[in-house]
Amino acid sequence: MGDVEKGKKIFVQKCSQCHTVEKGGKHKTGPNLHGLFGRKTGQAEGFSYTDANKNKGITWGEDTLMEYLENPKKYIPGTKMIFAGIKKKSERADLIAYLKDATAK
């Protein structure tokens with residue numbers, strides 16, 4: 001798996017404008033990601049998801065996030081996440097390592 005510290009830097013640069021990770025964190029443009037691993041798409045309480053997100057029906061984990069974060073709109077056509085994705089697999093692995101750590105605390 002990736003490097004948590006490198007992943008934190010990637011999160012701050014590319015994700016934190018729209019997402020929070022801490023327990024009880026507020027939703028921004030995107031949902032709070034606390035408890036992400038093991039949760040189905042479109043299930044963060046209190047966030048308004050597109051039908052595409054709600055109906056995707058996968059459970060978030062290392063493999064699903066690796067594919068999603070490469071090209072979100074390809075993985076979930078109709079998502080309102082406007083992020084283009086992270087092409088480098090090593091950067092995605094670092095981000096996932098950080099998310100796995102930060103969203104479980």
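Note that Cβ sites are derived from N, Cα and C of the backbone, with glycine treated the same way.
Feature list (source: Swiss-Prot):
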| type | residues | note |
| --- | --- | --- |
| BINDING | C15, C18, H19, M81 | heme c binding site |
| MOD_RES | G2 | N-acetylglycine |
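When the binding-site residues C15, C18, M81 are compared by the number of other CB atoms within 10 angstroms of each CB, C18 has the fewest. Excluding C15, C18, H19, M81, which define the heme c site, the same chain contributes K14, S16, Q17, K28, T29, G30, L33, F83 within 8 Å (Cβ to the Cβ centroid), listed in sequence order. Its Cβ taken as reference, G2 (N-acetylglycine) is surrounded by 21 other Cβ atoms within 10 Å in the chains shown. On the backbone, the CA of H19 (heme c binding site) and the CA of the residue listed as 'N-acetylglycine' stand 20 Å apart. All protein chains shown were included, and the count of other CB atoms within 10 Å of the CB of H19 (heme c binding site) stands at 22. C18 (heme c binding site) sits 22 Å from the residue listed as 'N-acetylglycine', taking the Cα positions as reference. Rounded to a whole number, the distance between the Cα atoms of C15 (heme c binding site) and G2 (N-acetylglycine) is 17 Å.
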